[in-house]
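Structure first, commentary second.
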Amino acid sequence: GAACFCDSDGPSVSGNTLSGILWLAGCPSGWHNCKAHGPNIGWCCKK
């Protein structure tokens, strides 16, 4: 998946490390969906 922005990464998207991963079929085990972005796309961040 592609990198995505997690709430824990900081207040803004620019200049911060993107620690999330964008998955197209939900999130893998040990991750959680940190943004509500539809039922099939998961903005997944480590728990």
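Numbers here mean position along the shown chain, with the first residue as 1.
Heads up, the Cβ atoms here are built off N, Cα and C, so glycines get one too.
Note that the coordinates shown come from a computational prediction; the quantities given were computed from them, not determined experimentally.
Here is what Swiss-Prot records for this protein:
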- CYS4-CYS44: disulfide bond (DISULFID)
- CYS6-CYS34: disulfide bond (DISULFID)
- CYS27-CYS45: disulfide bond (DISULFID)
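In the three-state DSSP assignment, the secondary structure recorded for CYS27 (disulfide bond) is coil. With a cut-off of 8 Å between CB atoms and residues at least 6 apart in sequence, the same chain places ASN33, GLY42, CYS44 near CYS27 (disulfide bond), listed in sequence order. Here the CA atom of CYS6 (disulfide bond) lies 6 Å from the CA atom of CYS45 (disulfide bond). Cα to Cα, CYS4 (disulfide bond) and CYS34 (disulfide bond) are separated by 10 Å. With a cut-off of 8 Å between CB atoms and residues at least 6 apart in sequence, the same chain places LEU18, SER19, GLY20, CYS34, TRP43, CYS45 near CYS6 (disulfide bond), listed in sequence order. Secondary structure at CYS4 (disulfide bond), taken from DSSP and collapsed to helix, strand or coil, is strand.
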